[in-house]
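**Q** Please read through the structure below; I'll follow up with questions.
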Amino acid sequence: MYIAREASKVWRKVTAEILVELQLLREKWGLLLAGLIFQYIHGLAARGVHYLHRPGPLLQDLGFMALPELGQDKGYLSESIFSSIFLSFVLWTFHPFIYHIKRFYTVLIWRRVLAFLVASQFLRIITFYSTQLPGPNYHCREGSELATLPPPNSVLEVLLINFPRGVLFGCGDLIFSSHMIFTLVFVRTYHKYGSKRFIKFLAWFMAIVQSLLIIASRKHYSVDVVVAWYTVNLVVFFVDNKLPEMPDRTNGVPLLPLSTKEKEIRLKEERDSKLKDEFHKLLNGNHGDPTDRVTWSFY
C-alpha cells in the first residue's frame, strides 16, 4: 500500500509537470526545432569536410610532447567520460518531472543549451572549413583506408552522412573539438543552474581530464582543445547575456493552477512570511499609524 501510494504521488507529479512543459513547448517549439535541425547540419558539414581531408605527417604539438600516447586501444577512455557527462546532464535536465524542489523548466533550459550549441557549432564549421589539417587520429593517418573518401555517387549519400560510422570515423573537422563544445556547454549550464557545489567541482574536473585524454588519445591536436576552452566560454557568456533570464521556480508563480494541497502549503508559507514581517516591523517601531507613534526627545 505504501509503495502504491508513493507511486501515485510520483505519477501525479510527472503528469502535472508534463502539462506545464507541454504548455511551454507549444510556445517555444520553433527555436527548439531549429536547434535540433542545426545538429544535423553540423553533422552534415563534418561529413562534407571529410571529402576534402588529405592525410599527412603529424604536426608538431606541445601536448603530444607532454602527454604519452595512450594508443588506439585506449581511445574509449575519453569517450567514457564524455558519455557520463552527456547522460548525467540529460537526466539532470529532466529532474523537475520527479523532484518536488524545482529550479527551472526543462523546455526553457534546453532552449538555452541549444542556443549555446548552435552558436559554437556555427563558429566551428567556419573554422574547420577555412583550413584542413592532417588528422592526428589513427584512422585519419596516411595508409588508412578511412583517411580519405571517394567522391560521392549521389547527393543522398552525402545527406545520409553514413550514420553512425561517418560520425565515429570522421576526419578533417578538427578546430575546434566538438566533444569539448558539448562538455563545456553542459558544465557551464550546470554551474549556473545546479545546486550541488561538489558536483560543480567534479564536472569541471572531468572536463579538464577529458581535455587531456582527447590529446593523449591523439583524437585532436592541442590547439583544437585550447580554442574550444576559450571560444565556448566566451560564446556562452555573450549569448547568455542576450537571452532573457529563466524564471526561478523555487519562488516563482507556477504556469498552471496548484492542487488543493499545494495551495494550502503556499498559503501557509505566505502567512508565516507576513507574520515574520509584522514581527520585525513591530520590533523596529515601524508598525501601525504614524500619527499614533510617540516621539521621545532626550535633552
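For all residues, glycine too, the Cβ spot is worked out from N, Cα and C.
Nobody curates TrEMBL annotations by hand; they come from automatic prediction.
What you see is a predicted model, and the numbers here were worked out from it, not measured in a lab.
So TrEMBL lists these for the protein:
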DOMAIN    170-238  domain 'Sphingomyelin synthase-like'
TRANSMEM  29-49  transmembrane segment
TRANSMEM  81-101  transmembrane segment
TRANSMEM  113-131  transmembrane segment
TRANSMEM  166-186  transmembrane segment
TRANSMEM  198-215  transmembrane segment
TRANSMEM  221-239  transmembrane segment
**Q** By a Cβ-Cβ criterion of under 8 Å, what residues six or more beyond either terminus of the transmembrane segment (221-239) are in contact with it?
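**A** Non-local partners: 59, 61-64, 115-116, 119-120, 123, 127, 133, 136, 174-177, 180-181, 184-185, 188, 211, 214-215.
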**Q** Can you work out which residues elsewhere in the same chain, 6+ from the ends of the transmembrane segment (113-131), have a Cβ less than 8 Å from its Cβ atoms?
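**A** 31-32, 34-36, 38-39, 42, 45-46, 49, 93, 172-176, 178, 181-182, 185-186, 188-189, 227, 231-232, 235-236, 239-240, 243.
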**Q** Sequence-remote contacts (6 or more beyond its ends) of the transmembrane segment (29-49), Cβ cut-off under 8 Å?
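**A** Residues 107, 110-111, 114-115, 117-118, 121-122, 124-125, 128-129, 132, 158-159, 161-163, 166-167, 170, 172-173, 178 contact the transmembrane segment (29-49) from elsewhere in the chain.
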**Q** Restricting to the domain 'Sphingomyelin synthase-like' (170-238), what is the model's mean pLDDT?
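**A** A mean pLDDT of 95 is what the predicted model shows over the domain 'Sphingomyelin synthase-like' (170-238).
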**Q** Which residue counts does DSSP give the domain 'Sphingomyelin synthase-like' (170-238) for helix, strand and coil?
**A** 53 helix, 0 strand, 16 coil
